[in-house]
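One structure is given here, and the rest of the page talks about it.
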Amino acid sequence: MFFHSPFPVVFQSEGRGVKCISNEEEAFLSFSVYNLSSISPLLSLILLIVRSIDLMKTKTGLNRLEHHTDRYYGDDLIIRRGNTFMMWLDLSRPYCPNTDRLHLELKTGSLPTVAKGTHVIIPLVEELEDDRWEAKIVKRDGNRIKLSVNSQPTAMIGRYQLTVATHSPKGKATSTHDPGNDIRMLFNPWCEDDTVYMDDEDEKNEYVLNDVGRLYYGTENQIGARTWNYGQFDEGILDSCLYVLEKSVTPPSGWGDPVNVVRVISAMINSPDDCGVVEGNWSGKYVGGTSPTAWSGSVDILKKYHKDGGIPVRYGQCWVFSGVTTTVLRCLGIPSRSVSNFNSAHDTDVSLTTDVYFNENLESIDHLNTDSIWNFHVWNDCWMARPDLPPGHGGWQAVDSTPQETSQGTFRCGPASITAIRNGQVFLKHDSPFIFAEVNSDKIYWQRNLDGTFTQIHSEKNAVGHCISTKAVGSDERNDITHLYKHPEGTEEERIAVETASRYGSKPDTYSSPIAEDISIEVTMDGEGPRMGGDAELNIVMRNASSLPRTINLHSQVAVMYYTGVLKATVKKDEMPVELLANEGEPMSILYYTSVTFNQCYSLHAQVFLIHSPVLSPSPNSEDPGVDP
């Protein structure tokens, strides 16, 4: 069939036919392929048209195996960002690299935008480079070409629609979207450039690929365990987890950052303010729903939520919220685990203490006694780098989906660096004060005075945060990880952490120990810094700016970490007393040897952490009776 027009013509498919449009502004043929049966043999020879796309997406195919997604149910293409994947294109004629052009387009979300990373244009290149979207022809077979496609390690996760655009001297064509070729993109703990990268294979097998776990409950003296079926690879679970993200109505442009995704999931697992997955119930009456103790896994909960169109599933308590959170995070590719804390505090006023109030007659003031200590509470740890925090705060992050207190107006909690929690650095986001109080707050008793003020009459320094537990890697044994959340109870480091945290709470004067602010510490290193297998010398200079001598305890810790800020290992740890004269600067050196062996030495940095005691005292020779606060 031939068309005659004084202007160049544009061909577009319309239903099962072809529509001819005269357009003086077009200099070539433009064709959108909606139905291949509508294309005439002549057009197929003129234009370069994609007849079919083979994503090599079966569970036993190369893509799914290399991306560690072969255990997910079904034959969809499920890939992890930062890795390459293969695909075949069947074209209407052989591809001519001298005259033809081709690119892929991926779109996610309701308003895909190139600038926001939700509309991805993947060019065809001669050689692939890391950290960018690109495609390369690796094989030709007649009209068929095989592409190797590289994805960015920072790509948004979620469901992408795929189309292919071609351009030849005679015109251009674009394939239609086929839902069967949608691509599901996940986080990638196997990719060193992904912020959820985890180097230990056994830990990846446990915290990403294990679909069964153990949740701990009871009391610290009688810890019970129950098996929980996470089921992140079961039929319909990946789509249910993506539905949870979509139901949050947060923009997909933020789904490339695991910190943001974890905050979204923490909010969406509970239901008070966003019709999330599980409705909590602590009343003991469960009419119209399922008792929290009856659940043994996450699969039925997530599938019901998806099937019912986002109606919260009744009912859950902390272990249910945690179990479902583990499922969703592992399903999306974020290493995670459920964690149980025994004697877990609930701080309601950001005081960083668990407070008990009495009146003048030592009778409980019930309306003030809103803080509580639970026999046990279950939340989650998730693994990621934290480029938004100072170096050394990557690794395990605490996240709590049980609706207890709001964070920025929404019932959610975390992710909070457990390194920050351990050291009382509650000024680091997100929600560190609340989690610190859960594991390391002091229980303080207050008595009301006649003038209405309160006086501290007693405190318990070891009342909360015992036997913090999670399932061990590779076994069903209980692993006590209390040491990750807090320094040993009663040590100087632990007391420093408590008092440091308290200064950022609503009662900063709770601990009245004098704290001098006139001691400064500077750490320097000569040369280019530490080299693997060699010695390195750190220079530490402490200065006393006061007119009085000081006696301090210096705690130094040398550690190595990945460039992402995730701590790898502690190399050296010291504690020493130091005498500083008035207006004196005292230099000292610490020599350490990097005796730890690493496989990826190119991705490691060294960092020094110093903790100096805030409790300072004058030198014994000083006549000053105390220290100015």
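Keep in mind that glycine also has a Cβ here, set from the backbone N, Cα and C atoms.
The active site annotation in TrEMBL covers Cys318 (among others).
The feature active site is assigned by TrEMBL to His377 (among others).
Feature annotation from TrEMBL assigns active site to Asp400 (among others). Other Cβ atoms within 10 Å of the Cβ of Asp400 (active site), summed over all protein chains shown, number 31.
Annotated Ca(2+) binding site per TrEMBL: Asn440, Asp442, Glu489, Glu494, in sequence order.
TrEMBL lists 310-403 with the feature domain 'Transglutaminase-like'. On the 0 to 100 pLDDT scale, the domain 'Transglutaminase-like' (310-403) averages 96 in this prediction.
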Determine how many residues of the domain 'Transglutaminase-like' (310-403) DSSP places in helix, in strand and in coil.
15 helix, 39 strand, 40 coil
Note down the number of other Cβ atoms within 10 Å of the Cβ of Asp442 (Ca(2+) binding site), including every protein chain shown.
22
All chains considered, the count of other Cβ atoms within 10 Å of the Cβ of Cys318 (active site) is 26
Taking the Cβ of Glu489 (Ca(2+) binding site) as the centre, how many other Cβ atoms fall within a 10 Å radius?
13
Spatially speaking, which of the recorded positions Cys318, Asn440, Asp442, Glu489, Glu494 is closest to Asp400 (active site)? Use C-alpha to C-alpha, please.
Cys318
Relative to the mean position of the Cβ atoms of Asn440, Asp442, Glu489, Glu494, the recorded Ca(2+) site, which additional same-chain residues have Cβ within 8 Å?
Ser441, Lys461, Asn462, Gly465, Lys486, His487, Gly490, Arg495, Ala497, Val498
Should one count Cβ atoms within 10 Å of each candidate's Cβ, the recorded positions His377, Glu494 would be headed by His377
